[in-house]
Amino acid sequence: MQALALPTMESELRALAWATLLTPACAVYARFAARRLRPGVPRLAALFPTFPVFVYMPCMFSSLHLRLFSTFFHTWLAINRLVLLALDLGPLHPRLPLLPFVLCAGLPIKVRLQQPTKNQASSSSSSPPPSAEFLRPCVRSVLLLSCLAMAYPYTRWLPLYALHYLYCVQIFLTLDLVFSSIALVSAALMDASLERQFSTPLAVTSLNSFWGQQWNLMAVDLLRESVYAPVRARWGRDVGVLAAFLMSGLLHEFLYWYLTLQQPRGEMLLFFVFHAAFQIAERRARAAGLWRPPRAAAYLLVTAFMVVTISEMFFAPFVRAGTDVRLTEETTAMVELIWGTRKYLLHPFRVASS
């Protein structure tokens, strides 16, 4: 790793404190400016000073995990949503109450828009709270991640692609745990129903379903509204798909720089362009009746395609930069910290029982 300091508890808590102060401050300013300026160039010019703040936020962290999440929360989602706000689009709106506006601006959450029916209104008193639906994915991710952690010492005999498939599962479970935990707390604070970030990305049978309906739905919605829709309206569906994947590739090039501090080589961009081409080809083949395999065969083929391309084109640059080793060290340190805290907290009870 080049010139990236090792994280310490003091440095990461200080960075978290700054991020906790700067993000709401920028969101409050954005809401204030948007309520007083019309959509378009005036509002965009007023919101522009917040963009460098969000771009810099990941650099405050030394932990790769925190850099990764800060990149997604601040550099990707926050700036994209503020640009859409300047155009009077997207999930943010000046008339939103202050707390939902601030939370939706800086966190990967989106309030679910739904019209209550008479049956829903009559049963609202007996329905579970909005945050309840995020409790199950949190528990599931914790249990499965624990199983993976216990299984990893016995995976040395596995082929490379099988091991990378487990890495893909770990990435999904980690992201789902973090995003569901954030949604759990946010839904409780706002008493509002929020949309899920993931559906069932590990059980897909087509690339179109994976990228459009299963994986990281918050980013999909933003790319669809900010890139795909305007490009499709002018140049057609296939060009819109390619433009959305190009934008996603550019954002992942930024992620590569944030995590490695090395100049990107375009490999993230190549990965997403490659998947865009195959997604377009799959849709056209399916429409022409040339691609309708049985569900089990489609699952195996799509899973194999995803694992091989992710392993060779997506993981390879990070492995070459040593990011995987650093992430493993951070994960081990975090597990040791949690176990040490657990023993410390349980120590008084053991003394009392003895």
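Don't overthink the numbers, they just go from 1 along the chain as shown.
Cβ coordinates come from backbone N, Cα and C, glycine included.
Among the features that TrEMBL reports, domain 'Wax synthase' is placed at 197-272.
Residues of the same chain lying 6 or more positions beyond the ends of the transmembrane segment (15-32) and with a Cβ under 8 Å from any Cβ of it are 47, 50, 53-54, 57, 60-62, 66, 70, 74, 78, 82, 85, 92, 94, 96, 98, 101-102, 105-106. Positions annotated as transmembrane segment by TrEMBL: 15-32 (among others).
Residues annotated as transmembrane segment in TrEMBL: 44-66 (among others).
Beyond its flanks by at least six residues, the transmembrane segment (164-189) meets 69, 99, 103, 107-109, 129-131, 134-135, 137-138, 141-142, 144-145, 148, 151-152, 155, 158, 196-198, 201-202, 216, 218, 303, 306-307, 310-311, 315 of its own chain at Cβ-Cβ distances under 8 Å. Taken from TrEMBL, the feature transmembrane segment applies to 164-189 (among others).
Proximity of distant same-chain residues to the transmembrane segment (239-259), defined by a Cβ-Cβ separation under 8 Å and at least 6 residues beyond the stretch ends, is recorded for 58-59, 64, 67-68, 71-72, 75-76, 219, 223-224, 226-229, 231-232, 266-273, 275-277, 279-280, 317-318, 321, 323. Under the heading transmembrane segment, TrEMBL lists 239-259 (among others).
Feature annotation from TrEMBL assigns transmembrane segment to 296-319 (among others).
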